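Features of the protein shown, as given by TrEMBL:
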SIGNAL    1-26  signal peptide
DOMAIN    30-147  domain 'FZ'
DISULFID  Cys45-Cys91  disulfide bond
DISULFID  Cys110-Cys134  disulfide bond
DOMAIN    164-290  domain 'NTR'
Amino acid sequence: PSRLGGPWLLGLLARLLLWGSPGAWASYLRRSSSCMPIPHRMALCYDIGYSEMRIPNLLEHETMTEVIQQSSSWLPLLARECHPDARIFLCSLFAPICLDRLIYPCRSLCEAVKRSCAPVMACYGYPWPEILNCNKFPADHELCIAAVSMDENSSSRRMPRASCKDCELEEASTAREILESLCANDFAVKIRILRKNTTTTISDFDLDPSKVEVLKHGPLLRTEIPARLQQWLDIDATCAHNIMKGTQAGVFVVSGEVQSDKVVVNKAYAWQKRNRNLHQAVRRWKHHRCPEQAG
């Protein structure tokens with residue numbers, strides 16, 4: 001099973017074994033449905049942890065073409081990683097696991113995903129759809145697919161937070177403008193980012209701790225900057241996707257602000273030979289005095 005699918009799938013099967021004899025499921029059989037392989041073209045759910053799904057699905061999509069078309073519209077939201085269980089929740093509906101009984105997502109799973117992802121959808125003018133009304137799903141004490149991630153209040157889990165702001169790679173216009181940007185932000189760092197995997201729809205990113213050059217630490221301690229930037233990579237996946245642009249590794253100069261317990265990247269420049277203005281700005285930075293310092 002895949003990294004995302006394995007643990008929750010094993011847990012679900014264990015609960016099914018404890019549920020009772022097949023006769024107890026008779027009223028839940030969907031004799032008109034059929035089991036079909038999850039196709040590669042269904043990026044939302046391919047490699048989720050099981051290989052077959054039921055058609056029609058739990059959203060009443062009758063054909064695989066319809067399923068692929070409708071599920072693909074959720075990929076941009078999934079790319080924002082607004083909740084770690086968003087993929088499991090959506091796939092339980094778009095590509096229900098092929099068992100003797102239809103297994104719906106738990107109401108608490110729906111509510112958790114909605115709480116984190118609905119604000120992101122609202123950024124783009126889309127309300128949480130009625131078809132995903134959480135009241136339609138079973139309570140936790142019934143047989144259903146529960147959340148995999150730890151409780152949102154747990155300090156050991158960094159829950160991604162909704163943000164309407166995207167970041168993109170900036171053009172290194174002039175050295176002067178770059179210096180002004182570095183002055184305007186709380187911190188500025190030259191870093192190397194690595195893509196951890198390419199086998200799933202969502203990629204994870206790592207900071208190379210041996211390639212961190214602090215240009216400006218601001219209110220942060222130099223020693224805490226690598227951990228804070230790794231937290232940024234974990235939380236703001238959309239920003240990381242945008243600046244990586246499909247590459248496996250890259251060196252960037254990023255600057256941003258400190259917001260309570262997290263950092264937000266406002267500017268990102270690719271460290272490449274052709275970006276001469278960026279190279280010049282970084283060389284001049286050591287001797288540069290920002291306006292507030294000069295005063």
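Numbering starts at 1 and runs along the chain as displayed.
In case you wondered, yes, glycine gets a Cβ from its N, Cα and C as well.
Quick caveat, the model's predicted, so the values are computed rather than measured.
If you take the Cα of Cys45 (disulfide bond) and the Cα of Cys110 (disulfide bond), they are about 17 angstrom apart, rounded to a whole number. Under DSSP, residues within the domain 'NTR' (164-290) fall into helix, strand and coil as 45 helix, 37 strand, 45 coil.
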